[in-house]
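Have a look at the structure below, then the notes.
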Amino acid sequence: MDLSTISLSSSLPSPFLSQLSLRPKTASLSGIFLRNNPPPLFSRPNHRPIAAALQQSQNDDFVLEDVPHLTNFLPNLPSYPNPLHSSQAYSIVKNTFVSQEDVVAQNIVIRKDNPRGVHFRRAGPREKVYFKPEEVRACIVTCGGLCPGINTVIREIVCGLNNMYGVEDILGIEEGYRGFYSKNTVRLTPKVVNDIHKRGGTLLRTSRGGHDTQKIVDNIADRGINQVYIIGGDGTQRGAARIYEEVEKRGLHVAVAGIPKTIDNDIAVIDKSFGFDTAVEEAQRAINAAHVEVESVENGVGIVKLMGRYSGFIAMFATLASRDVDCCLIPESPFYLEGRGGLYEFLDQRLKENGHLVIVIAEGAGQEYVAAEVPAVNQKDASGNRLLLDVGPWLSDKIKDHFTKAQKMPINMKYIDPTYMIRAIPSNAADNIYCTLLAHSVVHGAMAGYTGFTVGPVNSRHAYIPISRVTEKQKTVELTGRMWARLLASTNQPSFISSDLEGVVQGIDSLNITSI
């Protein structure tokens, strides 16, 4: 039985299917209940009600974290048959439409007597839509830093709206959030976006900051836009949530949908972010180049700095995939240079054994050491992110000084920072397919009347997720988890856990963060 996607009607005892129990988010798990949203979604006309909740169940504790629907604040909004009813492409699909009762489990590995836990509404086309295709004016905006796959998402939103639903009026908002009130737009058609997936960057250009909720929603209303697709990271998604709240406050017939974007793969809840696979693949090229360089000289030391402000997923996965890395340093794992079990001791040993070594370091690692030696200015970028100190050159100098001065051993240092090369490339085949699924899922959700949501795979099944769930915390590498253990086994590097750092690591792992 596939536990990642279940139907409420098939999983609940029939005597309870006629009752609905709503409880606040802080309530204890007893029976099935819904989080965050009032019940009009389930009682509106022309919409099949979701299987109702168990008030008391001795066997199952079940939580549905639902997303808002336009009928929550527009109860008389009419619905229409989904155009996919007459689609030639979808006519061969056995179950074209997702049932209102289908949900996706956040945790699929549970023990016999444990609660069923949190579930999300399954993504996909619904039998009814809440927009007439000829009345839709959609817009797409990209915000924040670059990432492989942005153009693919743009392309597939445009083609999905047009090919599946017959929507022809689609605008591209240029240069991020400020483009809404700077009047920067471009008309998007399947022809315009036909080959943009072959290029890196974003067709619409991007920027950080510039979010002004009132101006943005004023512009959305003035232009007659009724579907807003927002591609960006956690800061961008928080902005999307504020746009949705203002739209609801004004009672506008506007669906606001987010597509989470971060090359660091630190978005909570979802399995991974788009562009991550491409980033890991490209990072390996840099690691391979470093390995070739240091292997070809005497006492070669290669350092490769990769992306990862607060989460070391790219560094960890690239290291695991490469098998040429001797040591991987990430933000989640404190390390120290000198003393027993320190980095210097390990590098001394590895260089004597092999004659060369490669270190991968995430950009957010070792910030406290750099700050202690380099005058730091507490500055932030336009998105509110703290500007990091450059740990790569600092580590290069430290290692060079250690070997040449302390060990009296000349070394050949090779430092590579492929950050902008990785960010700027087009997505690979796997990410292209993933971006297509994301784009189609978000289009189906907006057409079905959902709003204030984001989309992503949860245990390999695409789901509609409340924006607050992907912005409330960052996903990080779990230092006591199996994946980090696999890396330590692969590199044979020390864990850098001394008596001074043991409490720090325990404190990190005790935080309420999402990890693997």
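Cβ from N, Cα, C; glycine included.
Where the annotation comes from TrEMBL, it is an automatic prediction and has not been curated.
Record features (TrEMBL):
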ACT_SITE  D264  active site, proton acceptor
BINDING   G145, R208, G209, G233, D234, G235, T236  ATP binding site
BINDING   D234  Mg(2+) binding site
BINDING   T262, I263, D264, M307, G308, R309, E363, Y420, M421, I422, R423  substrate binding site
DOMAIN    138-444  domain 'Phosphofructokinase'
SITE      G235  site 'Important for substrate specificity'
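Annotated features taken from TrEMBL, shown on the structure.
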{"residue": "G145", "record": "ATP binding site", "contacts (Cβ under 8 Å, 6+ apart)": "T206, R208, G233, I263, R423"}
{"residue": "D234", "record": "ATP binding site", "contacts (Cβ under 8 Å, 6+ apart)": "P260, T262, D266, I267, V470, T471, Q474"}
{"residue": "D264", "record": "active site, proton acceptor", "contacts (Cβ under 8 Å, 6+ apart)": "S273, M307, G308, R309, Y310, S311, F313, I314"}
{"residue": "M421", "record": "substrate binding site", "contacts (Cβ under 8 Å, 6+ apart)": "E282, A286"}
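For the pair G209 (ATP binding site) and E363 (substrate binding site), the Cα-Cα distance reads 22 Å. Cα-Cα distance from E363 (substrate binding site) to G235 (ATP binding site): 19 Å (rounded to the nearest whole number). Taking all protein chains in view, 19 other C-beta atoms sit within 10 angstroms of the C-beta of R423 (substrate binding site).
For G233 (ATP binding site), the count of additional Cβ atoms within 10 Å of its Cβ stands at 24 [all protein chains shown]. Mean predicted confidence for the domain 'Phosphofructokinase' (138-444): the pLDDT average there is 94. Ranking the binding-site residues G209, G235, G308 by how many other Cβ atoms lie within 10 angstroms of each Cβ puts G209 at the bottom. When Cβ atoms from all protein chains are considered, those within 10 Å of E363 (substrate binding site) total 25, not counting its own.
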